[in-house]
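Pulled from TrEMBL, these are the features on record:
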BINDING   Cys11, Cys25, Cys28, Cys34  [4Fe-4S] cluster 1 binding site
DOMAIN    54-210  domain 'AAA+ ATPase'
BINDING   Gly62, Lys63, Gly64, Gly65, Val66, Gly67, Lys68, Ser69  ATP binding site
BINDING   Cys235, Cys238  [4Fe-4S] cluster 2 binding site
Amino acid sequence: VPSLSLSVADCPGTGSAQAGRAAACQGCPNQKLCAAGGGATEAAALRERLRCVKHVVLVLSGKGGVGKSTFSAILAHGLAADESKQVALLDIDICGPSIPKMMGLEGEQVHQSGSGWSPVYVEENLGVMSVGFLLGSPDDAVIWRGPKKNGLIKQFLRDVDWGEIDYLIIDTPPGTSDEHLSIVQYLGASHVDGAVIITTPQELSLQDVRKEINFCHKVKLPIIGVVENMSGFICPKCKNESQIFPPTTGGAEKMCQNLNVSLLGKVPLDPQIGKSCDKGQSFLSEAPESPATSSYRNIIQSKSGNLCSSESFPF
């Protein structure tokens with residue numbers, strides 16, 4: 001029976017004599033570079049650029065449309081509410097970049113300086129980078145194969161002048177493909193705190209989240225925890241809760257128990273979330289009394305206080 005190797009865990013390393021030549025190197029975006037002896041140089045350049053980044057958090061989802069980019073944007077806004085922290089949001093969803101719209105930056109362009117590409121800033125302490133800033137129109141389609149996507153992701157990490165950063169939030173496309181393999185491999189030159197995985201309550205979404213968790217284990221990416229989006233709807237009038245997407249197999253809570261993964265929280269539906277994203281405004285600021293805002297804040301904060309103050313672990 002034919003089988004596919006889905007892991008980059010067997011990478012021989014850029015300094016190995018087998019770099020770019022081993023069986024595990026087949027299909028790697030850096031194979032030619034490593035075989036030519038340039039892998040170590042590239043890794044050193046990435047390590048130097050990321051040296052000033054204290055925490056790196058990837059936001060993943062198994063399936064599209066579960067609110068991954070929405071969570072990334074709200075997380076960035078929530079962390080940046082502490083003006084003493086510098087926050088960066090990197091959008092590597094190359095074919096579906098929605099972060100510029102959500103952050104109110106649609107139409108902005110990237111400028112280049114002697115120290116690299118300059119991020120586009122929402123606030124003084126919140127910078128953003130996305131392929132959306134490089135397109136002539138938000139309606140332009142990015143029709144690229146894997147190697148070109150991988151090259152841009154590497155360029156984002158190597159050439160963007162973030163400066164001193166407390167939190168780098170990376171919004172990824174759904175699934176476990178080129179972009180995910182590339183970002184994990186490139187970040188291997190630095191420290192990654194881990195991944196937050198977004199799901200919705202129904203089994204169809206959880207099925208793909210299990211694959212995402214399996215991916216994280218195979219590439220040795222720590223899992224910070226799972227967030228269940230669209231977890232019921234609380235009526236603003238009567239305050240009763242309705243399950244719009246019924247958790248037929250126990251939802252994220254049951255899955256996390258079975259797989260020994262932390263459940264960071266459940267976020268109920270709120271129509272204002274979509275409206276805020278369309279307007280490019282912070283949902284946390286626009287709807288401070290919403291049950292969803294409370295859930296988001298509980299995820300960002302620990303029981304002992306503000307998680308932003310933790311220098312050892314961001315959640």
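Each Cβ is built from the backbone N, Cα and C atoms, and glycine gets one as well.
Note: the Cα of Gly65 (ATP binding site) and the Cα of Cys25 ([4Fe-4S] cluster 1 binding site) are spaced 32 Å from each other. In this structure the alpha carbons, written CA, of Cys238 ([4Fe-4S] cluster 2 binding site) and Gly67 (ATP binding site) are 26 Å apart. Counting other CB atoms no more than 10 Å from each candidate's CB, the binding-site residues Gly65, Gly67 peak at Gly67. Listed binding-site residues: Cys25, Val66, Cys235, Cys238; maximum Cβ neighbour count within 10 Å falls on Val66. Among the binding-site residues listed here, namely Cys25, Gly62, Gly64, Gly67, Ser69, Gly67 has its C-alpha nearest to that of Cys235 ([4Fe-4S] cluster 2 binding site). Of all Cβ atoms in the protein chains displayed, 26 besides its own lie within 10 Å of the Cβ of Lys68 (ATP binding site).
Around the Cβ of Lys63 (ATP binding site), a 10 Å sphere holds 20 further Cβ atoms from the protein chains shown. In this structure the alpha carbons, written CA, of Lys68 (ATP binding site) and Cys25 ([4Fe-4S] cluster 1 binding site) are 30 Å apart. Cβ-based crowding with a 10 Å cutoff singles out Gly62 as the top-ranked of the binding-site residues Gly62, Gly64.
Ser69 (ATP binding site) has a Cβ environment of 27 other Cβ atoms inside 10 Å. Taking the mean position of the Cβ atoms of Gly62, Lys63, Gly64, Gly65, Val66, Gly67, Lys68, Ser69 as the ATP site, the remaining residues of that chain whose Cβ falls within 8 Å of it are Ser61, Pro174, Ile198, Thr200, Ser205, Asn229.
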